[in-house]
């Protein structure tokens with residue numbers, strides 16, 4: 001009978017026939033399958049010791065590869081461990097637990113287990129069965145001193161709400177206040193193969209919209225005027241479609257592809273309306289005046305001061321654009337990042353020369369004095385201090401070099417005018433590489 005048991009292949013034995021080598025001290029043995037590949041024995045032992053295991057015997061080959069026999073002292077520990085470990089996800093694997101022994105003949109069970117041990121090269125690893133594991137399994141309270149007298153639920157799962165502006169703002173504040181949390185977030189981004197955040201700010205993906213928010217948007221769109229209804233309805237529909245497909249950049253995205261090419265719609269973290277580029281709408285006003293007789297017209301013409309006419313003309317002709325006009329004419333930062341012409345934009349090293357491109361075809365030299373004149377005391381000082389070199393032919397057409405009297409003035413002008421829409425095209429301004437690239441205009 002013993003020779004027949006040792007010659008029988010170990011893989012053909014059902015799992016329910018395995019019993020512990022020493023039934024009296026161990027009591028109950030469980031067979032745990034689907035362990036992670038290549039996991040060390042000490043990690044397996046520490047894992048099962050938390051559930052009250054007294055000994056762990058991993059298997060190394062055959063049908064019981066990635067499996068282990070776990071011994072328990074009594075039926076209570078084994079039943080609780082079977083209930084908690086079965087279906088547990090451990091390092092990407094779902095554990096499968098079943099009983100490995102039943103009250104059969106001890107002699108037969110020992111012969112079967114010895115044959116399996118020889119065929120699969122079992123290695124027995126004993127663990128320390130201290131009092132802590134028994135206390136945890138028996139339901140130790142979480143914090144009795146604080147009034148929490150119930151044990152920690154083993155099957156607790158969390159259901160987090162979707163992100164919104166307040167949640168993201170609180171997370172940002174926590175990252176600033178707790179430096180270890182910031183380091184752990186960077187570690188997690190590295191493990192998930194996300195693009196590194198050490199660069200300029202990228203467009204923010206749209207936040208998921210809830211049901212009440214969509215109804216509010218529909219109510220707002222219905223209350224708008226008839227002249228803007230077509231455009232607003234088109235933008236709202238496109239916004240909903242993009243929000244439906246707009247996901248955060250994750251594992252499925254190539255790391256070499258920049259975010260700008262993905263087509264993520266820029267949005268703001270603060271709960272406000274979607275920013276739109278303001279369009280100047282020209283409204284034609286027709287004034288209808290009553291007919292005036294010749295005598296009345298003469299009296300009015302005599303009362304008018306002839307010196308008022310040149311004053312009105314002078315008030316309409318401004319020597320240079322004001323700071324408010326430049327600020328209103330600039331594109332918002334989120335719109336600048338979304339334009340392909342600003343892809344990989346860098347300001348460069350500060351110098352007295354500004355390199356400007358993406359200019360309209362009908363731009364002339366006087367336009368630069370009008371745009372940058374606010375940096376000088378008067379238009380005469382601007383024409384004498386600002387050197388302009390406008391390229392109007394060849395491959396450099398639509399580009400210009402401006403020479404300022406100092407680096408501070410050039411830096412202030414770049415921050416003020418970069419992205420300013422002039423004659424239908426946004427200006428792209430960078431620092432020039434060589435100070436001698438631009439010469440004063442004679």
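Backbone N, Cα and C define each Cβ position, glycine as well.
Per Swiss-Prot, the features are as follows:
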type: DOMAIN; residues: 28-102; note: domain 'RRM 1'
type: REGION; residues: 101-138; note: region 'Disordered'
type: COMPBIAS; residues: 102-116; note: compositional bias 'Basic and acidic residues'
type: COMPBIAS; residues: 117-136; note: compositional bias 'Polar residues'
type: REGION; residues: 200-242; note: region 'Disordered'
type: COMPBIAS; residues: 200-209; note: compositional bias 'Pro residues'
type: REGION; residues: 290-317; note: region 'Disordered'
type: COMPBIAS; residues: 297-307; note: compositional bias 'Acidic residues'
type: DOMAIN; residues: 352-434; note: domain 'RRM 2'
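The DSSP breakdown of the compositional bias 'Pro residues' (200-209) into helical (H, G, I), extended (E, B) and coil residues amounts to 0 helix, 1 strand, 9 coil. Taken residue by residue, the domain 'RRM 2' (352-434) breaks down under DSSP into 32 helix, 24 strand, 27 coil. For the domain 'RRM 2' (352-434), the model's average pLDDT works out to 86.
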